[in-house]
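These notes are about the structure you will find just below.
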Amino acid sequence: MTPRLFALIPCAGTGSRSGSAVPKQYRTLAGRALLHYTLAAFDACSEFAQTLVVLAPDDTHFDARRFAGLRFAVRRCGGGSRQASVLNGLLGLAEFGATDQDWVLVHDAARPGITPTLIRTLVATLKDDPVGGILALPVADTLKRVPTGGDAIARTESRDALWQAQTPQMFRIGMLRDAILRAQREGHDLTDEASAIEWAGHTPRVVQGSLRNFKVTYPEDFALAEAILAAPAHAS
């Protein structure tokens with residue numbers, strides 16, 4: 001049986017670094033909620049069985065009317081961290097018939113620059129891989145190490161062989177669930193899914209991402225994201 005594709009969008013964060021009282025995923029960009037662009041990209045990929053959005057149980061900002069016409073489901077099962085929200089979402093996918101051998105693509109709600117082309121490139125590259133992998137970009141900038149709380153450069157780090165992780169991150173549902181459970185048992189709260197897979201002893205792959213698929217984090221990022229979303233996506 002051919003494994004099916006599911007998308008999981010953890011959307012339980014508060015976006016404290018974005019400088020807004022409204023969680024960043026609900027901020028308006030180019031006339032639409034930031035989250036809308038992510039949902040629209042996956043909605044355009046009809047090969048996905050379901051897209052599941054994981055909200056915090058007490059989320060009062062989500063308004064389904066802002067996403068009318070898009071195909072997705074919502075569950076209020078967000079946890080205290082990204083790792084916990086993803087785990088709860090993985091467990092929730094069983095409600096839609098997902099099995100351990102099906103693929104899940106976990107994507108940050110705050111990366112509105114994702115496109116159907118990027119999603120399909122990731123799937124086409126990894127669909128026969130025993131582990132899975134992530135969208136990523138080779139590091140282009142020179143990296144400086146600075147002690148926590150200081151401003152003096154301790155040394156320059158080599159950027160050779162370094163990649164900047166993006167999302168979606170694509171893994172088998174069972175493998176990712178078990179990897180996160182193992183990390184939890186061993187007291188680790190990891191910041192992305194690939195880290196959990198690595199912690200479990202597997203080797204994820206990287207697939208070339210795009211600069212447009214950056215994560216909106218700081219106040220100045222909103223203007224940049226709006227400019228990108230207003231421009232044609234081309235082949236990215």
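Count begins at 1; order follows the chain as displayed.
A Cβ is built for glycine as well, from the same backbone N, Cα and C atoms used for every other residue.
The model shown is predicted, which means the values in this text are computed figures rather than measured ones.
Residues or ranges marked as site 'Transition state stabilizer' by Swiss-Prot on the basis of sequence analysis: ARG17, LYS24. What Swiss-Prot records for ARG159, LYS215 is site 'Positions MEP for the nucleophilic attack'.
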Under a three-state reading of DSSP, tell me whether LYS24 (site 'Transition state stabilizer') is helix, strand or coil.
helix
Give me the count of other Cβ atoms within 10 A of the Cβ belonging to LYS24 (site 'Transition state stabilizer').
28
